[in-house]
Structures are given as structure tokens and as C-alpha cells.
Amino acid sequence: MKRIYLDHAATTPIHPSVKEVMRDVMEDSFGNPSSIHHFGRESRKRLDEARMTMANSINANYESIIFTSGGTEANNLAIFGTAYANRNKGNHIITTNIEHHAVLHPVEQLEKEGFDVTYLPVDEKGMVDIMDVKKALRKDTILVTIMYVNNETGMKQPVQMIGNLLRSRGIPFHTDAVQAYGVEEIDVEELKIDLLTTSSHKIYGPKGVGFLYKREGLNLTQRLYGGEQERTWRSGTENTLAIEGFKKAVEVLKEERTKRYDHYKQLSERLIQALDEKNVEYHINGDLSTEHRVPNILNLSFPGMDVEIFLTNLDLSGVAVSSGSACTAGSIDPSHVLKAMYGEDSPRLRNSIRFSFGMDNTVEEMTLVAERIEKIVNRLSSNV
Amino acid sequence: MKENANTRVVVGMSGGVDSSVTALLLKQQGYDVVGIFMKNWDDTDEFGVCTATKDYEDVVRVCNQLDIPYYAVNFEKQYWDKVFTYFLDEYKAGRTPNPDVMCNKEIKFKAFLDHAMSLGADYLATGHYAQVRERNGQYELLKGVDDNKDQTYFLNQIPKEILPKIMFPLGGMEKKEVREIAKEHDLATATKKDSTGICFIGERNFKEFLSEYLPAQPGEMRTLSGEIKGQHDGLMYYTIGQRQGLGIGGSGEPWFVVGKNLEENVLYVGQGYDQDALYADGLEAVDVNWLIDGDFTQPFTCKAKFRYRQEECPVSVYPQTDGSFMVQFDEQQRAITPGQAVVFYDEDVCIGGGTIERVYKNEQPVKHLA
């Protein structure tokens, strides 16, 4: 059985050139970048080069990059760090109902600590309305955190408009760009973003590393105390091996971005086409057009299916996809994103699947996936 | 016959040693084994920790040891609607429910069986101590060989039509052997303690648990002759034949619960383990499910059990016109409890079972047990 991996939004395999670089680094370099001797300097040089690569990738300054252990830590640092640093200025935070848990849970924690949080709704396509952001702003708003691309639907949020609005009011804007970074060209100056989260393992780099972009001059309270690495904002010896891999992944991304985008688009279109050919009934959660959707994430609802049965059958037939998030006891919780889009009672919460495409996927695989889906849907429908 | 490698067996895995060894044995026999964890109850505590998580983690560890795929399925809603609601309703009616019987009937061998079949399974396997035997195309439910662990009592309500799809790989084994196999293979659950009591209550205090869902109505404790012996905390906390927790002092033999009067909210108590009030010679069984083909319109004799881990006793069964069955015991039996199951046996074959509706003595319903 040929296994087909369509869960790249969860994590990507490591790119061959990234592997190569990491192997070399493991052989050649081990120094602590903070050490003042030859070995430290050698490591520091590589770290600085990586930092420069990251900065360039989003049109930012060298000083604005804070390496972290990944997206979750970067989000936590941005949210708690900004909230605590601005406590004397205000108490109000704005976010949305469709954020990743790595944003929602920190914000909920701040709510418990006495901060006032506004959760913005989204429309049926899963998009935030800039007017809602505007209306929610208050004198005491100290942070707005709205994701760039939603991880379940692939829907792009109006970050440019939000950036313009917030910059004019002087309110810090954080965006979780973990799903956007591998697809979108991001220019933090143009978009007027103050804080931006990325993660390496979503862009064919190793796990355990990411960065937070923090606009220079922005106040941020540190979360980890120790050796004061990363200009005090992130203590702890840098994960130099992973950072080297991340750097290479970003370099490859820069070269391949357009090619990847086109490939993802082709895959997404082919899957839809193949499902149509087989007369499989589905609805798109979000928007089929790629005007507001990244082409590598496709969220489909299959009427009459049950997500747990469907996902299990797909895996048993060699198709790896996902849906919402699994609870700690393994069962699938209804997606808060789809809930925000369609309401608590929508059957879509119980019958939707996320497909996320990668560079290694082929157009032929999409035909195969559609065939396997057709088989399962037919078998399950005839059982009823 | 399909080859084992092409025969998919879904194993219901709880994170305990029995279902772990079930999966191991089937894997050794070369089946296409898929492990599924059922989440039936959400008991997330104040720290956000849920015991299902720990059990699921054990399922994950064992399945990885066995190199079989594993998944979870959520039956919280079905469990609440079909098992827990019944459980509370029975207590409200002054009876003693058996949620394990209901869980097997409605969840494990219905919703979960359907789930397994929807995954393309040929068989559903569980770690129950029971056996399925095929004879001349007829399938029978047999007791497990470990007398002390036999679980057919809890399986009496499953429909006989599903028996050809069920595997109980532990039915031919002693519990001791199961533990040994688990240890031999170093399974992550080899030394895990067996779960006790009702699954959704777990290690918690039963009284406390129940009081979260049903208002406790304290009332009088009386003897059958009307003498007030004290206060009870709520009828639902007591079961027939119970000795503990009455708090009646004084001299003489210990005191036992001998009955309930729901209308007057009175708990009847009496002295002595072997007191006459605790004995009956018959019962009325309702919701009877037969596990073998046969004509159940004529009286017949067989053996029966009225509680788990009790030796079977000879009875005569008289079908009634309303579909219920009168069961007459050869010898008087102690503490027959309405709401519990009565299960019928022909030698080692479990032939069916029902729910105890009323208790009889000398052909009259026993009022204090009604």
C-alpha cells in the first residue's frame, strides 16, 4: 500500500538540503555561541548568519529576530511579553475565535489573570472583518493578535489592513504566521507588523526551532530568565544545530517559493477535480478560490461522514490527513475554527477533513486519494 | 476462509492488561489488528487532568510495542444517553442498576461494534473472560474457563446475532496466565492494577459521586415491624443485603439492609446475615434476551445467577404471556436485588438473561423488595 502524506500543516518532512547542512554542522561545529574562545566564535558566526537570513526573509532588521523553540514559545513570548510590559498602559487584548491554541490558551490565561479579552468572530468563509477589529479597539487596548493564515482552513486574514489600522493608533500587532511563512511573501515593514511568529518544522526544517520577530523598540517582558541570550528575551543556549537547519530551509524556501505555490495550487485543484469526477459529495470550508486561501490547505466537509470513522479509514487505507485537534485521550474534539464559522450545531464540525499538501506530493497521488475517498464513502454510505 | 493476515480484528482497548494481552495474542496469530480506545466519559478534574488520558497513553504504549495502529473514538454522548441516564433512572426508582450490563449492550457490542465494522473489521475482539463456540453453524456464548473471572454475567444482554463477529481470546485462559503473558512480553500494562467498581466512578467515593447527580433524601430506617432504628442518607446509597454504613449499634447480631419503601422513603433493616427477610424463592425477569435459538414459550429448568461471582443455582423458568419470565428457585436465595441481572446457564453455555423486576416468596411478591 502506497502511503500518502497530506498533513503538511501539522509538520513537514526535512528537506534533503537541510539534512545535508545539519549533518555537516554536527560534524564540524559544536561551540556555545556565548563562549569567548575560538569554538564559541565559530558557532556565533553561524548563528549571526542565520539570524541575518531570517531577518532578510521578512524584510526585518538583524536585531529584531529572537530564536525560540518554535511557534508555541514565540506566541507565548509575544503575548505574555507584550501584556506584562504594557500593564500600566491598559488591560485590553483583541484576538479572534479561530486562533491556534498556542495563541488562544495564552490569551485565556491572561484573562484569568485579569486582562480583558475580545474574541472577534469570523464570517462563513473564516475571515475576520477589519470593521470588527476597528470597533473592538479601545483606549486601553495594548495588543491585537490575529493570525496570518488559519491552520485549519488556510484562509488568509486581512493583516495588511489590520497593520495599517493599528500602526495609526500605535497599538502593537502580533500575527501568528506559522502557516503563512512557507507560502506567502512577508514584508513586516509593508504590512506594519510588530510581532510575528514562525516555525521551522512547517517549512521543511527541523522541529524545535522558530523565531519571533519583534520590531525594534517595542516593549516586551522576558519569559525565561537565565543566561540572557537573544538580547535577554530568550535565555538558554541557542539550539544551533536546529537553527542551521532552519536557515537552510528558509534559503531553499526563498528559491522555491513560486514553484511551491504553483505546485500546491495544482495539487489542490487536482484533488477537487478528481473528487468531482468520482461524484463524491463535499463542501469547502472556507473558500475554493485562492484569492484569500493558501493553496496548500484545503478543508472539506463530507456530508454523512463521521470524522473519527472517516479519518481512521483513511489512515488504514494509507492516506494521512487530519481534522481539528485530538484531545489528550486521542478522540477528536470538534474544531473551534469550524464552530466559529458555522455555529456549534453544524454537521460540518463532525464531518470535515483537512488536506495539506507538500512538495513531495504528486498530481497522481491526488487521483489515488480521491479513489480511496470514494471507496470509503461508498462503503460507509451503503452500510447505512 | 480468509487468511489471518487478511482478516481485520478491531480490539477494544481500555489501557488495562486484559485488552493489552488480547491484542498481543491476536497479533501473534497473524491477524490485521487495529486497537481502538473508547472514550465514554469525560472526568476532567479541577487540574484539567482526565483519567482517560492516562489510559489512552497506556493504549498507545502497548500498541507501539505490538506495532499495531491505534485510534480513539468518542462515545460520550451515547454513553450518557444510553447508560448513564439508565443508571440514574434506576436509582431514582429505588433499584440497583448494572451499568456494565448496559454498557455491553448499548456501547461495546452495539455502537462500538458498528464502529469496528465501519472500519472494515471482520471481527471485534475484547478482553472479556468469556468464549464464543461454533457448533454446526450455531454460535454459543460460553463461560470463561477462569471461574473466578467469568464475565458472561455482564454479557447476557448482547444479541446472539452478533456472536459470529465476536472474539474473546482470553476466554480459555486464567487471569494469572494473562498477567504472566503480559510480563513475559514486558507489556507496558503488565503490572497495572485492575480497575475496580463502576468505570465512570473509578476510585472516587460512590456516595459523593451519586450525590452530584441525584438529590439525597434522608429518611427513616425501620425494621419490618415498624420500629425506627435511625436515619438513612438517601435510599439510593443502599443495596439489599448491605451491612456497612448503617450505624446501628447495640447488642445482638449485626444489622443489614433488607428492603426499601420508595413511597415513604423508608429503608428497612433487620438483624442477622441469615435472617428470613433477606430470602426469597423466586423472581420476575423482564427484558429477557436469549442467546440460543429455542422455543421459550414452555417452562424449562436450568441454572441461574443473580449476581456476579455467584455459583449458579437450579431454577425453573415459567414464560408469562406478557413476555416476562417467572423464575422459581429450587432453594431459597439471599439478597435478590431488583435492577440487577438474572442470567441463565445450561452447563457452561450462557443461554440468556434479563433484569430482576420483582422478587417473590411463596408465590407472592415480596413487598419490602418491590
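One is the number of the first residue shown, and numbering goes on along the chain from there.
Yeah, the Cβs are placed from backbone N, Cα and C, and that goes for glycine too.
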Original post:
Hey, TrEMBL has ATP bound by B:Gly12, B:Met13, B:Ser14, B:Gly15, B:Gly16, B:Val17, B:Asp18, B:Ser19, B:Met38. Any idea which of B:Gly30, B:Gly94, B:Gly120, B:Gly127 it lists too?
Top reply: B:Gly127
Original post:
What's the CA-CA gap between B:Met38 (ATP binding site) and B:His128 (site 'Interaction with tRNA') in angstrom, rounded?
Top reply: 15
**OP:** Sorry to bug you, but what's the C-alpha spacing from B:Ser14 (ATP binding site) to B:Cys199 (active site, cysteine persulfide intermediate), rounded to the closest Å?
**Re:** 11
Original post:
Going along the chain, which residues six or more apart from B:Gly12 (ATP binding site) have their CB under 8 A from its CB?
Top reply: B:Ser19, B:Ile36, B:Met38, B:Lys108, B:Phe112, B:Ala116, B:Leu124, B:Ala125, B:Thr126, B:Gly127
Original post:
Are there any residues in the same chain, six or more apart in sequence, whose C-beta is under 8 angstroms from the C-beta of B:His128 (site 'Interaction with tRNA'), and if so which?
Top reply: B:Asp18, B:Gly144, B:Gln151, B:Phe154, B:Leu155, B:Phe168, B:Leu170, B:Gly171
Subject >> Neighbourhood of B:Gln340 (site 'Interaction with tRNA'), C-beta criterion under 8 angstroms, separation at least six >> reply: B:Thr96, B:Asn98, B:Phe306, B:Arg307, B:Thr355, B:Ile356
Subject >> In three-state DSSP terms, the structure that B:Gln340 (site 'Interaction with tRNA') belongs to >> reply: coil
Original post:
CB neighbours of B:Ser14 (ATP binding site) within 10 A?
Top reply: 22
Original post:
At the Cα level, what's the spacing in Å between B:Ser14 (ATP binding site) and B:Cys103 (active site, nucleophile), rounded?
Top reply: 14
Original post:
Which entry in the list of recorded positions, B:Met38, B:Cys103, B:Cys199, has its Cβ near the fewest other Cβ atoms, using 10 Å as the limit?
Top reply: B:Cys199
Subject >> Pairwise C-alpha maximum, in angstrom, for the residues (B:Gly12, B:Met13, B:Ser14, B:Gly15, B:Gly16, B:Val17, B:Asp18, B:Ser19, B:Met38, B:Gly127) that bind ATP according to the record >> reply: 15
